[in-house]
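So that you can see what the record holds, here are the features copied from Swiss-Prot:
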- 1-30: topological domain 'Extracellular' (TOPO_DOM)
- Asn3: N-linked glycosylation site (CARBOHYD)
- Asn8: N-linked glycosylation site (CARBOHYD)
- 31-54: transmembrane segment (TRANSMEM)
- 55-65: topological domain 'Cytoplasmic' (TOPO_DOM)
- 66-92: transmembrane segment (TRANSMEM)
- 93-101: topological domain 'Extracellular' (TOPO_DOM)
- Cys101-Cys187: disulfide bond (DISULFID)
- 102-124: transmembrane segment (TRANSMEM)
- 125-143: topological domain 'Cytoplasmic' (TOPO_DOM)
- 144-168: transmembrane segment (TRANSMEM)
- 169-193: topological domain 'Extracellular' (TOPO_DOM)
- 194-219: transmembrane segment (TRANSMEM)
- 220-264: topological domain 'Cytoplasmic' (TOPO_DOM)
- 265-291: transmembrane segment (TRANSMEM)
- 292-309: topological domain 'Extracellular' (TOPO_DOM)
- 310-334: transmembrane segment (TRANSMEM)
- 335-465: topological domain 'Cytoplasmic' (TOPO_DOM)
- Cys344: S-palmitoyl cysteine (LIPID)
Amino acid sequence: MENFSIFNVTVNVWHADLDVGNSDLSLRALTGLLLSLLILSTLLGNTLVCLAVIKFRHLRSKVTNFFVISLAVSDLFVALLVMPWKAVTEVAGFWVFGDFCDTWVAFDIMCSTASILNLCIISLDRYWAIASPFRYERKMTQRVAFIMIGVAWTLSILISFIPVQLSWHKSHEADEELNGVNHTENCDSSLNRTYAISSSLISFYIPVVIMIGTYTRIYRIAQTQIRRISSLERAVEHAQRCSSRLSNENSLKTSFRKETKVLKTLSIIMGVFVFCWLPFFVLNCMIPFCHMNLPGQNEPEPPCVSETTFNIFVWFGWANSSLNPVIYAFNADFRKAFTTILGCNRFCSSNNVEAVNFSNELVSYHHDTTFQKDIPVTFNNSHLPNVVDQDQEVLEGTCFDKVSVLSTSHGTRSQKNLHLPAGVQFECEAEITLETITPFTSTGPLECLPQLVADEDRHYTTKLY
């Protein structure tokens, strides 16, 4: 009877171990599937960006797109040189690649840093294009862009391969703890405090402060221009009819909606970046101090963060590389290139009015961004500046085209482009975007009102990025 009881206990323990093993196997299979989907989406998105620029010359002609390409290359490196090795480790439960560990750690630091620094460069490029568009047009050449990109990649290499190959990054306490343990099965980077803080400052904290500052300034500039345009619209409405109270209310509501749209887009750009990377870099600076032994303490303190929690936040940071193509390279030009590459021209919608997206545009634009009013004819139409042809604007308009001349001399445009049936059209920007922010020049607003229309041969519009 006693032997039978022992047999039952043994069988029950065996079944329990089998259930645990099946559960662990299912969890690893699910983890492998999710990580594989993340890697494939990162590869697909960033490969499409690179192919689009290689295939379409007009995308290579814009200096701004050089920064987007550099970002896509760094994210591709994350998907090729970093993610797969860690995914295999997560599924297997241990590091299976032996002495490749140090090289992998260096690739991880280099690619992640390059991706973040490229995001910082894009924010600076946008700010300069918006704050000083005419100077940006002159100064931001291909040579300057390549220098900025080169600095970002050089800095990424300097803080990754040199310290890792010289073992400056390792924690001596972690090395002592690993004595007697097979190092080839554990690829724990265990950074020392000095390297953890200095690398985190360069890789994340300084860039994120710069990005917050630049995008805050971009929002304030956009807000100012929205309100100026709103005041012009109210002036036009007041010139047409005496009852201006209703028009003022509508104009204020429109202005508020535009400001909200700009703020929402910028919040998503910064929110996604901070959400993905901030938890990892907080832990990255905190963990080296958690392993510090107090004086007189015989046993080391337990780690303040579990390995599972840390790995989850590592993958959160890498997931940012899969989102960057959607945020920074999904504007009208790139979308058309993507549909051509994927061969879905026949099935994809080609509506001229773009929906709100979170690409290079601050707020997605309409292909016709001209605010047009019909007013009874009270003066000569020839005093109007030439109106931009819609097809011309479609060709010129995508992300951050800096400053473009949108119209030429009166003799180069036919009168039919004015579309003036029984009234006069006035050209005044109604949409604040990173494409066209304002009809204002350095000397003041362009004359959108009938009483102020001047006979000028050239009409400049400031374009954002």
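Counting starts with 1 at the first residue shown.
From the backbone N, Cα and C atoms, a Cβ is placed for every residue, glycine too.
Locations of recorded Swiss-Prot features on the structure.
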| residue | record | DSSP (3 states) |
| --- | --- | --- |
| Cys101 | disulfide bond | helix |
| Cys187 | disulfide bond | coil |
| Cys344 | S-palmitoyl cysteine | coil |
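If one looks beyond the transmembrane segment (194-219) by at least 6 residues along the same chain, the residues whose Cβ comes under 8 Å of a Cβ in the stretch are 109, 112-113, 116-117, 119-120, 123-124, 126-127, 130-131, 155, 159, 163, 168-169, 262-263, 266, 269-270, 273-274, 277-278, 281, 284-285, 287-288, 362. Ranked by number of Cβ pairs under 8 Å to the transmembrane segment (66-92), the listed stretches 31-54, 102-124, 144-168, 265-291 are led by 31-54. Per-stretch counts of Cβ pairs under 8 Å to the transmembrane segment (31-54) identify 310-334 as the leading one among 102-124, 144-168, 310-334. Between the alpha carbons (Cα) of Cys187 (disulfide bond) and the residue listed as 'S-palmitoyl cysteine' lies a span of roughly 44 Å. Across the structure, Cys101 (disulfide bond) and Cys344 (S-palmitoyl cysteine) place their CA atoms 42 angstrom apart. Counting every protein chain shown, the Cβ of Cys187 (disulfide bond) has 20 other Cβ atoms within 10 Å. The recorded positions considered are Cys101, Cys344; of these, Cys344 has the fewest other C-beta atoms within 10 angstroms of its C-beta.
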